[in-house]
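Just dropping this structure here.
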């Protein structure tokens, strides 16, 4: 699911922490500084290549490169389909619980490699194997799977799309009229995703040679994925992959069985191990407890240590200090008659202060990446426009040596062209269909809003893709938030501005995100000798799979769990209410905020910028200990229970690294992926049991001594 410009690796850390910001392609298995272990290996490979003696492609020189059609095999897409379902369920669960989605690249790559190896071994045994499993086919699988489960993230099921629903709207008193509400339905969701998810794939296709070959943008995540795949297809890499899959399977089984065991004790609200007051009843009341979730222990093992510590610090600051103090102001700062879930009461402080932190962090990183992108682009243009001149004034022949790897990769990358007419014509055609069709789904979203979005989208997509190539940051969610404010304010409250803002966010995020993702895939394909055509086709097929699979998975959750999206439940969908309230702010302004809430928002907005600035200016040894504002913002709204899970995960990883660093780097991502996948897949049978009205037989609940005495007295009477 990074070699960042700042020494602290902060950019990668920030991307690990918000569902709308964290990209699934960024850095699987990062160390304490936020640098992916895959990327460290990729960097080492790059350094070795520059030195000369080490060459990746010389190791594969005796293996024929299949044509782009041969890279697109039936078995690749069959395996991709089933893996896409599995990872879509996992991402959907993460989306609807806390919104923290770690990179699942390692598990996707491992399982794709393992299942096709299994397939080919079985066919080879009966003598029917026609085509061996190649790294190009492996790249096709990886691209297809990540594109498919990426829709579960970028489709907005935990953010803008679900934020339109009545469930989320009725938690606020503003803009909850029919004009600003649209309840989920599988039909229009699939249609919407098909309309907005493909146009981004066409936006930057003509620029792939410029971005990958001419500018030689690094795309660290794409490079890391390619290095992983190249490693699988060496004898040593295949042996390690087999061991990693074994560890993943072991912890997958443990996590799945544990989820099944826990289910027996959840017969009512507040029952089961997930409501265990491990730190005491008062701490439990303030959402400090360990909920025995393998998922977030696994997430903690994948996320950098600073992310996990930042989340815990955010929980302590908010639920340990701020909210109890503000609760004491009940009757003064807000009406005593209001419930804690009212946005005019304590809940308003929780939601809007977290929004202030997210926006401050997002604005800072947007400006920083924009400056770096512009500076890098200017330097690149100057470099390319300078003509070397000899002493007599005539042009010199370039003497820069091209390595064997670069020469071979460039030759094959430029071999299979994607016609520009397909890209330009496809963009115009899909845009025209979207402009005509989207207003049928959202009548409030006028055709000229969509036209304006599509006119500016390619420019923004280029900025995002170029920035991601330099820094590995994808700011798709930031562009989406800008769309919320711009289009929401343009439409106005009386014309369904909240719904317009959320829908425009989806349009903009989908274009900008998929364009950047495709360029990452082209970089992976470039480094594994996979054809750009096969990469493009795989991305299109994966996106089409995701447009059907993701809404179906969400619909399963939506129908199986009645309280989805409600604060304090198993699936609170925290970012759905955050995004909706951003849209309300864009339309109505700050008039609805509780007393002193705006002042606190200003303080935390400024604090987010100041903390980020301190991280960038401080020496790397100091910067890596400065917390991340985006990570701190997450528990402000939903509580600290998952922060404790993640902290336990980071402690396990830290101790493992102290005992045996090499083994931890090799197997920790696989163990973490097993914990996440097993618990995530248990959600599928749990949903089926809920739909079949099969209820758990036992309620395990914890009471204080006084309440227990009252219950005993009541039962005695």
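Residue positions begin at 1 at the first shown residue.
Glycine too: its Cβ is placed from the backbone N, Cα and C atoms.
Below are the features I grabbed from Swiss-Prot:
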- 1-56: region 'Disordered' (REGION)
- 76-96: transmembrane segment (TRANSMEM)
- 99-119: transmembrane segment (TRANSMEM)
- 144-164: transmembrane segment (TRANSMEM)
- 186-206: transmembrane segment (TRANSMEM)
- 248-268: transmembrane segment (TRANSMEM)
- 306-326: transmembrane segment (TRANSMEM)
- 351-371: transmembrane segment (TRANSMEM)
- 422-442: transmembrane segment (TRANSMEM)
- 450-470: transmembrane segment (TRANSMEM)
- 482-502: transmembrane segment (TRANSMEM)
- 536-556: transmembrane segment (TRANSMEM)
- 593-613: transmembrane segment (TRANSMEM)
If you count every Cβ pair below 8 Å, which range out of 186-206, 536-556, 593-613 shares the most with the transmembrane segment (450-470)?
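Answer, by Cβ pair count: 186-206.
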Counting only residues 6 or more past its boundaries, what in the same chain has a CB within less than 8 Å of a CB in the transmembrane segment (351-371)?
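Beyond its ends, the transmembrane segment (351-371) has Cβ neighbours at 11, 14, 18, 21, 318, 322, 343, 463, 467, 471, 473, 475, 477-478, 481, 577-578, 581-582, 585, 593, 597, 600-602, 604-609, 612-613, 616, 628-630, 632-634, 636-637.
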Do any residues, 6 or more residues outside the transmembrane segment (536-556), come within under 8 Å Cβ-to-Cβ of it, and if so which ones?
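Residues packing against the transmembrane segment (536-556) from afar: 68, 72, 76-77, 80-81, 84-85, 88-89, 92, 140-141, 143-152, 155, 157, 162, 184, 186, 189-190, 193-194, 197-198, 201, 205, 418, 514, 517-518, 521, 684, 687, 691.
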